[in-house]
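Quick look at what TrEMBL annotates:
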type: TRANSMEM; residues: 26-48; note: transmembrane segment
type: DOMAIN; residues: 41-290; note: domain 'G-protein coupled receptors family 1 profile'
type: TRANSMEM; residues: 60-78; note: transmembrane segment
type: TRANSMEM; residues: 98-120; note: transmembrane segment
type: TRANSMEM; residues: 140-158; note: transmembrane segment
type: TRANSMEM; residues: 200-221; note: transmembrane segment
type: TRANSMEM; residues: 242-260; note: transmembrane segment
type: TRANSMEM; residues: 272-292; note: transmembrane segment
Amino acid sequence: MGADNDSTFSHFILIGFSDRPQLERVLFAIILPAYLLTLLGNSTIILVSRLDPHLHTPMYFFLTHLSFLDLSFTSSSIPQLLYNLSGPDKTISYVGCALQLVLFLGLGGVECLLLAVMAYDRFVAVGKPLHYMVIMSPRLCMGLVSVAWSCGVANSLAMSPVTLSLPRCGHRRVDHFLCEMPALIRTACVNTVAVEGTVFVLAIGIVLSPLVFILVSYGYIVRAVLRIRSAAGRQKTFNTCGSHLTVVSLFYGNIIYMYMQPGNSSSQDQGKFLTLFYNIVTPLLNPLIYTLRNKEVKGALRRLLLGSREIGEIRAGSRQTRGK
């Protein structure tokens, strides 16, 4: 096995939670409904933001992109995980593994930068409310989103080939439930200090720099909120910004733990559960956080549901009239 040429690899074996068969059954029963709810929740956010004219604002433009990212991110790994949990087959094709890695790195990087863009949007909304719609023009919003996508994709295209090209001396077993970069680096049979150092440097640019920007932005936001004399105005601002800050905390807490440290230093089992949380729990909670704490989204949902019911009643009445 050790003499195998890496170029002949047709598949990897994702060990995942296979050493705990009972846990696999429990995880399958939890993850399947959670994944379906994630699809439903994020799809609802996208549809409501697109269909309700009251939500055609920069904030909901960015929220739509965040929901699309969450949909794509969780769908890049959870279906494969569910397949592996449901039976003895733990394999993933080389192409499938490469695609998972590219999407995981790319979409994760885009989300880091998009959360920074959303923090800037809230900073402008709170700090300069009278000029908000002028500053956050459609052109600027599209430009900021394009930069986030471009940098995230560039990061993925830079690191994915390096990770996949590491010599593995025939080792096909990946001690994780998906083809994640630290897990793939650990399968290498060569010294990976240089690669890990590169990952750390890129993480500073993709992960820490946006986080610092978010914290600075919220420092200014808190100062601006404290100047608002109206208690209702302060409460509304805190609700809107609190939703975003909660999402940032969930997202960055896991990311920093996983990527801002050397690949072999953390508990592998702990890393699996953190990645699972990051992959399914965070995308599941994001729609709940934004809808439960946001009166505008709840109002838009109510308007759409009532509108659909009224249309149904009108059509039913029209059919009854024609029947007479």
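Just so you know, glycine gets a Cβ as well, placed from its N, Cα and C.
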Out of 26-48, 98-120, 140-158, 200-221, 272-292, which stretch touches the transmembrane segment (60-78) the most, going by CB pairs under 8 Å? 98-120
Kindly state the mean pLDDT of the domain 'G-protein coupled receptors family 1 profile' (41-290) in the predicted structure. 85
